[in-house]
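Trainee: Pasting a structure below so you can have a look.
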């Protein structure tokens, strides 16, 4: 009896301390997290001009969504679908470029004995410097007089020169921006693979060799089981990053030229904070993007489960 | 995976190519900041041919009082990190070690936030802060930054606290120590590696953050470094040397921090992602 009461009292005190410990995080979450999310959903169904009072919001029903999804507002719908298309191209590039480049680099790095630390430090620099500052550098590299054109003409590839600069021409702007995104995303993924490869016990390979396993069998049965979950995580993280891309595009092109590098975040920002856009409509675009991120995450998590 | 037949020369060549690609923009930044305005694009060389124009830095400093923006960035980043570590070690500890009603509900509530992209709630955040009079203040920038890192920080701290042997908790509790004492005197000191990981991860994102300050700050005197760099870019034409000097001032501390804490950085990133 006595110990039972002691335990009940203890567990009450325990729960109380837990609530005290959680209180600051929960309060912050309720105000800055949950409230803004609910507010945001509400706002998607209203019209609210920039700088106007919240009380002047007018109910819009599904109009905000119709505007850009099915072309009630033709121009905006065109921009939106083009921006979304660009986001998807960036997503595909992340998977097709970042993953293989990172994997190859980490395997190469594992195969050298001298200078591992040196190379690793250099390889990680893009991750730590990836910011407004470096995106301006890339803008400079892509200038008509910039290094990229200089190098191309120095090796005699004058045909490839981008006369208006690499982010100034319609057909080269998006690839140029993607190159910067990939450049910044490789280091993180490479570190994941490198750590994964380091964790494999070399004796496994040796004993497999004694059993007569060839290169492909070792790859399939020893290396891949370790690398597969890492690949899934890397894909999830890179896809999420690709959907939320903002800084690179904002600094280098602001979505131009002629919308060729526009991404959804930049479009939302412009609609909400520049010119005479509608906050409700910008918000509705935000939720469409959320739906996309969520769907992509679910798909990736499902494929993660499958391996277990 | 060791590959027997990979030719060492090819391996090193490929590694050197990527290393050059990694470091080139940084060298370009340093070089351009030391060149004369006209020399930035005219010269083939990465660094100034004759005179090294150190006075570009003086110019940046004088022109827009760069140090003020530097201190703003330090201020915002520092308090963001303090907030993250204090709030989420407490929350992570509660989730890892204590029993209470609504535990899993609250936990998944925090984790669920991970799926909401920042840009989606940017507009209501702006409106909410405007009605709470938080707009155009550093506090108004720090709070959403702290909140934004809740899912990952809580998750990592919870896992870390769980991995510490439970006997420690039991024995200290038997001696009658309060839960707060256990957390602050035993668990937090033990969690230094996890704290280092969280700090490094969030240091970068808050130092480099662009869109939040762009939306939430109006007064030029409150600008953080990324905004100050963009501010340097306003004008009829781009003064590349000045822009690059400002950029280097923004990137420099990050690179120094990275070089000093590289080990923790790599450990943190890889253990966070691989073991979870």
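Keep in mind that glycine also has a Cβ here, set from the backbone N, Cα and C atoms.
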Trainee: In TrEMBL, which of A:205-225, A:226-246 is labelled transmembrane segment?
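Mentor: Range annotated as transmembrane segment by TrEMBL: A:226-246.
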Trainee: Counting only residues 6+ away from its ends, which parts of the chain sit with a Cβ under 8 Å from the transmembrane segment (A:226-246)?
Mentor: 87, 90-91, 93-95, 98-99, 102-103, 181, 185, 188-189, 192-193, 196-197, 199-200, 263-266, 269, 289, 292-293, 296-297, 300-301, 303-304, 307
Trainee: So if I exclude everything within five residues of the ends of the transmembrane segment (A:284-304), which remaining residues of that chain have a CB under 8 angstroms from its CBs? That is, six or more out.
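Mentor: 40-41, 44-45, 64-65, 67-69, 80, 84, 91, 229, 232-233, 235-236, 239-240, 243-244, 264-265, 267-268, 271.
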